[in-house]
Amino acid sequence: MFKFALTLTLCLAGSLSLAQHNPHWWGNRNTIVHLFEWKWSDIAQECESFLGPRGFAGVQVSPVNENILSAGRPWWERYQPISYKLTTRSGNEEEFGDMVRRCNDVGVRIYVDVLLNHMSGDFDGVAVGTAGTEAEPSKKSFPGVPYTAQDFHPTCEITDWNDRFQVQQCELVGLKDLDQSSDWVRSKLIEFLDHLIELGVAGFRVDAAKHMASEDLEYIYSSLSNLNIDHGFPHNSRPFIFQEVIDHGHETVSRDEYKDLGAVTEFRFSEEIGNAFRGNNALKWLQSWGTDWGFLPSGQALTFVDNHDNQRDAGAVLNYKSPRQYKMATAFHLAYPYGISRVMSSFAFDDHDTPPPQDAQERIISPEFDADGACVNGWICEHRWRQIYAMVGFKNAVRDTEITGWWDNGDNQISFCRGNKGFLAINNNLYDLSQDLNTCLPAGTYCDVISGSLIDGSCTGKSVTVNENGYGYIHIGSDDFDGVLALHVDAKV
């Protein structure tokens with residue numbers, strides 16, 4: 001009997017873990033966008049007016065729980081919890097719930113960035129949160145939850161990143177480190193996440209997951225409620241989990257400890273795609289992109305060109321400040337069938353701590369748009385760049401097809417097909433790409449969705465005529481505005 005019960009328990013745990021890799025997308029949609037620091041009311045409007053019509057699958061939103069008020073209102077104050085009340089600079093609980101409902105109604109899922117590892121760092125005296133809650137972080141006193149000192153690990157600093165104990169039980173940059181093995185802490189975290197599930201979210205991005213023991217996270221995840229069927233989720237659906245685990249390949253705490261609990265952020269993807277499109281690695285090598293590069297299996301990898309953290313760091317990672325290379329890298333990211341794709345939507349920054357666009361009272365301001373739909377008032381909105389939202393449509397059109405017809409020039413010009421539904425070509429050389437290439441598409445004329453749009457049967461950008469053998473003449477000049485060309489069956493003239 002014991003053996004049967006143990007087997008049943010293991011099977012249930014395995015099935016729950018597998019279910020936590022499912023992002024619950026509508027139809028053929030398969031791209032998440034991180035609307036970093038947006039207000040809930042603006043996200044709701046964006047779902048209805050842009051993301052839904054453009055085929056985006058979901059939105060990662062900034063942390064929803066009450067956070068400390070920091071001088072100047074830097075973005076990172078959102079990562080310093082005071083309580084689990086749903087009041088932040090982005091809005092209150094009513095506005096959050098309205099946003100989730102409206103986005104779900106148009107097929108755009110919501111994934112919340114959640115902070116399970118810690119509470120706020122030290123603050124002189126009494127700290128006040130965005131909902132008016134008082135706390136004394138230096139005493140580990142957070143009455144808004146409530147947490148007291150006994151709910152935290154003993155104070156210590158991470159000085160050796162190769163020491164598992166320090167990484168998982170000491171304070172990350174001074175943030176008060178919760179003890180996730182505590183029954184009380186577990187109950188409060190589960191209560192917080194279950195409340196968000198009741199409001200209709202589809203899942204969670206778990207911040208600083210590597211700083212928590214995987215067995216503690218497994219307990220918390222497995223204790224969560226199923227997703228709310230009133231928001232269109234099938235019965236017994238589990239929340240999608242993707243976990244921030246920075247693993248460059250030599251870490252004491254490995255991504256492999258978390259990959260079976262849910263997806264894991266694949267930081268090596270971000271670094272290597274940046275290296276390639278910055279010219280430090282020839283694009284021809286991308287033919288084997290994926291696990292051959294040491295990446296996680298596709299269904300366990302949350303992939304991105306940049307995120308809100310590493311876009312602010314020096315190094316290989318690309319961001320909006322290198323737009324031509326960034327758009328090429330994003331096109332490759334969304335065209336190549338590897339990983340669970342997320343694109344970044346940023347605000348402009350001059351230094352690491354730059355706050356989101358705000359008014360004189362330090363309230364976040366809504367994005368404004370020009371005649372082309374691009375943002376103009378401090379918001380970058382990469383997701384509204386035609387070259388990026390068009391590739392979201394490309395990715396939808398070619399879903400469930402494989403790479404075929406790979407071509408390269410032995411250097412930095414490449415092309416490939418996605419079955420007989422899509423074709424991508426990239427030129428990252430300092431000379432033109434001018435070549436008859438196999439597009440694998442049915443005969444006809446296709447609109448290049450990078451340089452233009454198909455409107456009322458006419459293409460506003462380049463077009464390519466494909467012959468009966470699937471070949472078309474592809475030209476990408478070295479001085480063209482964009483170094484990429486994309487065709488697919490839903491953009492046939």
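Backbone N, Cα and C define each Cβ position, glycine as well.
Here is what Swiss-Prot says about this protein:
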- ASP207: active site, nucleophile (ACT_SITE)
- GLU244: active site, proton donor (ACT_SITE)
- ASN117, GLN168, ASP177, HIS211: Ca(2+) binding site (BINDING)
- ARG205, ASN307, ARG342: chloride binding site (BINDING)
- CYS47-CYS103: disulfide bond (DISULFID)
- CYS156-CYS170: disulfide bond (DISULFID)
- CYS375-CYS381: disulfide bond (DISULFID)
- CYS417-CYS440: disulfide bond (DISULFID)
- CYS447-CYS459: disulfide bond (DISULFID)
- 1-19: signal peptide (SIGNAL)
- ASP309: site 'Transition state stabilizer' (SITE)
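Put simply, the residue listed as 'active site, nucleophile' is 5 Å from the residue listed as 'active site, proton donor' when counted between their Cα atoms. Under the three-state DSSP scheme, CYS47 (disulfide bond) falls in the helix class.
Cβ-based neighbour count (10 Å, all protein chains) for ARG205 (chloride binding site) stands at 25. Compute the center of the Cβ atoms of ASN117, GLN168, ASP177, HIS211, which mark the site for Ca(2+); besides them, the chain residues with Cβ within 8 Å of that center are HIS118, HIS153, VAL167, GLN169, CYS170, GLU171, LEU172, LEU178, GLN180, ALA208, MET212.
DSSP assigns ASP207 (active site, nucleophile) to coil in the three-state reduction, placing it in neither a helix nor a strand. A straight line from the CA of CYS170 (disulfide bond) to the CA of ASN307 (chloride binding site) spans 25 Å. For ASP207 (active site, nucleophile), the same-chain residues that are 6 or more apart in sequence and have a Cβ closer than 8 Å to its Cβ are PRO63, TYR79, ASP113, VAL114, LEU115, LEU116, ASN117, GLU244.
Summary for the disulfide-bonded residues CYS103, CYS375, CYS381, CYS440, CYS459: the Cβ-based neighbour count within 10 Å is maximal at CYS103. Calculated from their C-alpha atoms, the gap between CYS440 (disulfide bond) and ARG342 (chloride binding site) amounts to 27 Å.
In this structure, GLN168 is the one among the binding-site residues ASN117, GLN168 with the smallest number of other Cβ atoms inside 10 Å of its Cβ. Within its own chain, ARG342 (chloride binding site) has THR31, ILE32, VAL33, HIS34, GLN60, LEU302, THR303, PHE304, ASN307 as residues 6 or more apart in sequence whose C-beta sits under 8 angstroms from its own. Among the binding-site residues GLN168, ASP177, HIS211, the ones whose Cα sits within 10 Å of the Cα of CYS156 (disulfide bond) are ASP177, in sequence order.
CYS447 (disulfide bond) counts 26 other C-beta atoms within 10 Å of its own C-beta, drawing on all protein chains shown. Comparing CA positions across the recorded positions HIS211, CYS375, CYS381, CYS447, CYS459, the one lying closest to CYS103 (disulfide bond) turns out to be CYS381. Around the Cβ of CYS170 (disulfide bond), 18 further Cβ atoms fall within 10 Å across all displayed protein chains. Closest to CYS459 (disulfide bond) in space, going by CA atoms and restricting to the recorded positions CYS47, ASP177, ARG205, ASP309, CYS375, is CYS375.
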